[in-house]
Amino acid sequence: MDPQRIPWMYWRDRLKKARAMGLNTIFSYVFWNLLEPTEGMWLNEGDNDIASFFRIAQEEGLNIVLRPGPYICGERDWGGFPTWLSTVPGMVVRSYNEPFLKAVDSYIRRLANDVRALRASRGGPILMIQVENEYGSFGSDHNYTSAIRDVLRRNFDLALYTNDGGEEWTLKGGSVPGVLAEIDGDPWSGFKALRQFITDPAQQGPLMNGEYYTYAPDRWGSTNQHYTSNGRSDVVKSFVKALDYILGTESASISLYMVHGATNFGFSNGALWLDKTVAFTSSYDYGSPMDESGRTTDLYYTFRETIQKYVPKGSIPEAPLDVPRSAIPAFNLAPTKLLFDILGHKTTNKSPWTMEELGQSYGFILYEYTAKTFVEGIVKPGDRARDRVLVYVDGVRKGVIDSQYQRSPEVNVQLKFGNKLQLLVENLGRVAYYSRGTPHRNYLQDPYKGILGNVTLGTLVLDGWDMYPLQLDDISAATKPPFLPSDSFNLSTPAFYRGVFSVNKTARTDPAEMDTFLAVPAGIKGNVWVNGFHLGRYWRVGPQQSLYLPGTVI
């Protein structure tokens, strides 16, 4: 359970339910990019107050295993790395690289300052710390992983462990001298591999499955499904069988990934590169025992019943009752502003700059070129689409160049003198995971978004670009009059739409009573903000068709 995916006001509820399911320990990733979004800036309040989450866990009778990365995957943008790393000269992430290790040392020191008093050696709940994350799938540079081990040892006097896939090449690549080695995934083959290939006594110890998957994260795409065990007795039986094997036959430990997946709010989702971009949804429900909104599922009670067989009778608290979600009547949306009318700050350069070079991390970026002569041909936006390039001429849409296709459709345009070519590039999420065991390119080392390289039209390189970063952290300009006419639908360029709904807040004391899911059934593709808070993306292709709206936002 990752605190930074959950509104902080709900932490105690989720932790209380985890304890009542029979768990005694919470494994938590820490997202570096949220704690330090800009180099040197440290944001450790609200949903980033990791220390408070750990204190509440201890109050609820739970221990903590800290998973600080620095790389965490977690289906998050760039595996949790802050984007400013990509602008540091000579930077190579996940490697024995001086700029990277210097940045990691600073990050771990600041995190340790926040949570050091909560170590088990000081009476706190933190028992262990994970070194990196499934590094054996990525590489085998033990100089690098030993350096991460040493950074953690300097800042924490706690047991360290590694977590890797249960195969020879992943275990040998990811294990670290002097650090307990553990596995994730299939427990039968994993524990067998652990016994067979980890022969150093300093790496041996109690068995643990560090990530036993309660299902999987959803990915955008018309052929993709929502992962859930609801109505799938075969899947549930396989989960119970694994729990019985791990807790009973092996008397080992298990971490359920996830007990509560929660939400990748805003633009925080990551992606995969599978010879095309495969982006994860805003929902991180994961098919978990607690659903995205924190309500318990049938799987929760199945796990609870299974775990009860292996713990002292009466040691598991009663499961708290779920607060019913609210139902808000349908309401209408009306157009307010065209995106191209509220562009904000402009940067001009001969050739395009990437999103990162412009100091931007997420969202969209608009590139504009004014034709100096007649030119016609196929638009090539740099080395490749990064990720979804909407092509306009004078505000009229001409097509989309989309990295979600292995062979993206080509867009041919004709420009006359004075015509404006507009390329609106959407960052769908940076690659969160790469495995050297696949034939795919390692785009974890290529996180750049926007346009990288020259834009060509036919054979002509287009020089002279105006660039508008559209991170959309603040959308207040879209809510200020004058507004578009109310009948301004079927617009050629992206637009903001606004609606108002009411809730009877005075009759409710718990914000969870106002939890709901918001859907835009007539929407094709877009993003939703409520009271200025960015819920995430909606997209008709699915599988996600509604967005979790926490009562804390209302």
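Numbers here mean position along the shown chain, with the first residue as 1.
Cβ atoms here come from the backbone N, Cα and C positions, even for glycine.
Feature annotation from TrEMBL assigns domain 'Glycoside hydrolase 35 catalytic' to 2-309. Marked as active site, proton donor by TrEMBL: Glu134. Residues or ranges marked as active site, nucleophile by TrEMBL: Glu211. The domain 'Beta-galactosidase 1-like first all-beta' feature in TrEMBL is assigned to 352-471. Feature annotation from TrEMBL assigns domain 'Beta-galactosidase galactose-binding' to 494-552.
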TODO: Measure from the CA atom of Glu211 (active site, nucleophile) to the CA atom of Glu134 (active site, proton donor) and give the result in Å, rounded to a whole number.
DONE: 10
TODO: Count the Cβ atoms, other than its own, that fall within 10 Å of the Cβ of Glu134 (active site, proton donor), considering every protein chain shown.
DONE: 23
- [ ] Can you check which residues sit near the residue listed as 'active site, nucleophile', meaning Cβ under 8 Å from its Cβ, same chain, 6 or more apart in sequence, and list them in order?
- [x] Asn163, Asp184, Gly185, Ser255, Tyr257
Task: Reported mean pLDDT - the domain 'Beta-galactosidase galactose-binding' (494-552) - done: 94
Open item on the list: From the DSSP assignment alone, can you count helix, strand and coil residues within the domain 'Beta-galactosidase 1-like first all-beta' (352-471)?
Closed with: 3 helix, 53 strand, 64 coil
Task: Tally of residues which DSSP labels helix, strand or coil - the domain 'Beta-galactosidase galactose-binding' (494-552) - done: 7 helix, 23 strand, 29 coil
- [ ] Sort Glu134 (active site, proton donor) into helix, strand or coil using the DSSP assignment.
- [x] coil
